[in-house]
């Protein structure tokens, strides 16, 4: 792509749900792109994707595909990142990886720009994009932590099927129509494509996202717990999560209980820190029935917070409801935002 | 109804979602009924409802309707209960009221039989059936409280639309079909029939059930908080709730965090108390992806509990996922169960 200025950007997983959003976000942000390389598995190679009116042919990812690439955005599954991210780095690219492959690697910064962009300075070639449900929560908690400290976080999630990919979206809509038509359904994807059993998602709620660990928590829940501590640089923070999949296409919601260090605060104190915080929009007027909902957040880059209220028993405890587009702030936009921040901070420079 | 033995039972609100379930439950339980009187508003009077193969004409509720009635099951809204429950009591009936009208009245027992059936002895004519979301939570917490004590409860709910009545169910299904057909939708009922604004429920999650109080909590959330304390006789218990409506027809789910008094327990200790507890079914084998879901609980009277795990930071803290049919254990079955318990305990006797 086709100007002399800017960067050579590669998108790995260009035909997936998040990859598509990455390309749309690069376009919308008018990201400084000199050349755009779109990569995928052999299966999807040969498809074309439009970018700024031009049709680009998606190529099969190979080590050589990364020759000359400045910034590579990966979102094609952990095994693809494990295989190709080191190849991209070897060839001089900086990688922003949206899979879980490197998130807990001590050498790899795990970044939400509103929270810990300074960590980008320590990168060794790969930067990890956190899990979707983690990103929106830490970005909402950060302005509160800065002002009042943070001791404890308990979250129950209400997560959309698009986090499980395009096939999960199709399954939800097809299954919904089958149920409305009184037909028998045959779940094949959700809750987890690679797991043994599959359950109805239409008109249901499934308390499993990703597979189970031996401790009874799912990997998704452990991601929220461990990633939150890493991003906030708070290994001592108490965090627990229960993650639940809903029949919602896009937009994760979270019921978050948290305890701060400071005593005697009111809900207004918390709201005053959320209002105007980077990337956060406060939508909190119960008397007007104004609160965030997934159906309203789709296509938006911000994190929406409402239902802020003080716990009735614990002086330092508060509740809030956090909603964001899991494909944008939860994935594509946070990745592109990391890339923009790398440029702003002059960590990546034009060659 | 048409034997010489048993009781004269009245169902008030016989054509509503819960009233219908009450009649089905009386039938299924083979409740000892000598005569069955079905009552409703003037609007629904004249409809017929079948009971054990017989068509019964629904009559408009009037004070005189309760002459000779032994047990009156009310589920026609708080204002109907306020108007007619005292009339029924005056005529010698015992009232089991499924509305919120009398729940927090100090003179009125608020009963989940698995938890506090002894409170029935103190009735003064009216017994209140708790809120659906409260019932399933306290019944799951009670065996744990008995064994290990209870200090704190934090719940986030995932509630079905049938809790908002038949019109809400119709709205959800019609709206779902309209969205699948790409049509414009016009929400008119949910989240709260009597509130100012109405929102999309299909493929969405709405963090509002019932209207808002001045403290930022909804009435539904305050019901869970206050009713839990009253049923468990624990005014000092810390309880907080966030209540959310989902596009699920029937079956409330709850993500419950709780802290016990006893230190050093394991998740197995908690599960051992849930397993075999009255009215509770433990469904908790993560390695086999076995956990409760609303789609599986419909039509069942039990409370299903799974995802039991120990908090990773707080020694006395645990998490669980509680699911029940909100029209049955959450409403109709708990009411009929109260009536059965009144008979078992010989608080109501055949005349």
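Heads up, the Cβ atoms here are built off N, Cα and C, so glycines get one too.
What TrEMBL says about a protein is an automatic prediction, not a curated fact.
When the candidates B:226, B:326 are compared with the NADP(+) site entry in TrEMBL, which names B:15, B:16, B:17, B:18, B:43, B:44, B:162, B:163, the shared residue is B:326.
Nearest Cα neighbour of residue B:326 (NADP(+) binding site) among the listed recorded positions (B:132, B:159, B:245): B:132. Rounded to a whole number, the C-alpha distance linking residue B:245 (substrate binding site) with residue B:43 (NADP(+) binding site) is 28 angstrom. When pLDDT values are averaged over the domain 'Semialdehyde dehydrogenase NAD-binding' (B:8-123), the model yields 97. Local packing around the Cβ, expressed as the count of other Cβ atoms within 10 angstroms, is greatest for B:326 among the binding-site residues B:15, B:159, B:162, B:326.
Here the recorded positions are B:17, B:132, and the one ringed by the most other CB atoms within 10 angstroms is B:132. In this structure, B:43 is the one among the recorded positions B:43, B:103, B:245, B:252 with the smallest number of other Cβ atoms inside 10 Å of its Cβ.
Across the domain 'Semialdehyde dehydrogenase NAD-binding' (B:8-123), the DSSP tally of helix, strand and coil residues reads 39 helix, 32 strand, 45 coil. Residue B:132 (active site, acyl-thioester intermediate) falls within a helical segment according to DSSP.
If you measure from the Cα atom of residue B:162 (NADP(+) binding site) to that of residue B:132 (active site, acyl-thioester intermediate), you get 11 Å.
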